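Undergrad: First the structure, which I've put down as structure tokens, then a few questions once you've had a look.
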Amino acid sequence: MEKSQQDITSGTAAADEVSTHDAPLKDIGNESRLATEIEHSMTFMDGLRLYPASIGWSAFFSLGVIMTAFDPQLLGSLYATPAFQRDFGYMYKGSWIISAPWQTALGMGNPIGQVLGALAAGYPMEWYGRKKTFAACVVGTAAFIFMQFFTRSIVVLLLGELIGGLILGTYTTIAPTYASEVCPIALRGHLTSYINLCFVTGQLLANGVIAGTSQLDTHWAYSAPFALQWLWPLVILIGIPFSPESPWWLIRNNRIEEAEKALNRLSSSKIDNKLVLAMMIETDRLELEMETGTRYIDVFNKVNIRRTEIAVAVFTTQVFSGIYLVGYAAYFFQRKFIRIVRLIDTVLIKVVAGLNGGKAFDMSVGYLALGWVCTCLSWILISKFGRRRIYNVGLAILTVIMFIIGILDCTPNFENRPTIIWAESTLMIIWNGVFDLSIGPVCYTIFCEVSATKVRTKTIAVATAAQALVGIAMTVAIPYMINPDQANMRGKMGFFFGQSKSFSKASDKGMLTAVDERRIISAVPDMVLVQGSRDQRENI
């Protein structure tokens, strides 16, 4: 800590010698190297003290992710709400139900929107900036909540979910991009992994809201939860005019003075932002020299392909690890399965025999609460260990747990041995905790930091879209794999996801070890320090 403070102080003193307000770009190479060295020496506590505004605005832009998580979780819970079933379903053997095809169609709104929205967001974010794009998307979200709130037709609701999902998908690109561009290295890991916490928060809030309204016998049982979604656009639209634009975007658009003002707003007055500005300008120049490009096709060129591979691999591994299976954990508590109501994406199993709906709900809340706590605890690991170590160790533990679940399910007379069922369910809870301690949050950090700044938005969008595509496949496949009238794999699905993780671990480890740990932590600023041959820079 003391060393870091001395570095910052000496950096400011050095800046007085090499830069002035009249000539801010004088000796920019030396300034940029000094700024990079200072940033690398900064500790987490230094970051908290010197960049409080960066923390606040990064968290503010991540509010969109809470909306992204809230909507599908809410919709899934509504399938089991009596008033919603009556108004949007049909009578089947004396009970109102939402048909499986309609559940599937409605549930696809969010993942399909994530694919299209993530890719579509890349263009306005580069044309108009992060701030204006975020504001426009929030206005769009508020507009389509009207469709959800007033409709009494399942067709109109589907249209609202599909179009609304398209906009919600943009937030998964905007939030990590902004967080990675306004925070110093010392805070970047924590604030990019904070996005995972926002997902869990959105799901928890949705469960809490539906718990309070589900027993209402009028349309307010579902209209009230839909209406509560307006809270987030209201908060965001009030705050967005005061938010600073990404200084990286301003520099790439040659708005240097505005970039310096944005840096001043994001940091303490103790930081000499002329040094930081010099580092950013030099990085932008080097990327231009390396021809990193700014188009989607450029994320696959020889300079960026390795970064793109890493981003896509670490993010899709979230799905291959079995995260879509976690919602089915209530399944393993049952000795007999009579009726299963499938809730798409985040899934809750409601069974006539065994646990009642209230206990199943309590368990789902427990999962989410555990995930929330473990994501917070992951920040301690991020401060003490490298991203690669957290990711690979976590993935290895998740693989072992899945294989153990599969082995337990192979025991004779499984359904008449409740201790085995409880053991599998307990392992699923442990699995969820390990996930949110490791690959859940840290993958956001890796795929934000590994991309070149000029194509960061595009790289994040491609990785997000790839993950959503795999998620769509899992959303369709898992019910057929687990339902008793289909494959009825039960806990044997642990073998499927365990094997998937084994494959992912092998491929991810190869890509992660191919990139120096230090350069993953700060992929682009290190180029400023590498002033050797062009080949050295291209191999970063």
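Indices start at 1 and increase along the chain as displayed.
From the backbone N, Cα and C atoms, a Cβ is placed for every residue, glycine too.
These numbers come from a predicted model, not from an experiment.
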Undergrad: Looking at the ranges 78-99, 100-121, which is given as transmembrane segment in TrEMBL?
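TA: Range annotated as transmembrane segment by TrEMBL: 100-121.
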Undergrad: Do the transmembrane segment (50-70) and the transmembrane segment (428-447) share at least 3 Cβ pairs closer than 8 Å, excluding pairs fewer than 6 residues apart in sequence?
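TA: They do not touch: fewer than three Cβ pairs between the two stretches lie under 8 Å.
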Undergrad: When the pLDDT values for the domain 'Major facilitator superfamily (MFS) profile' (57-534) are averaged, what is the result?
TA: 78
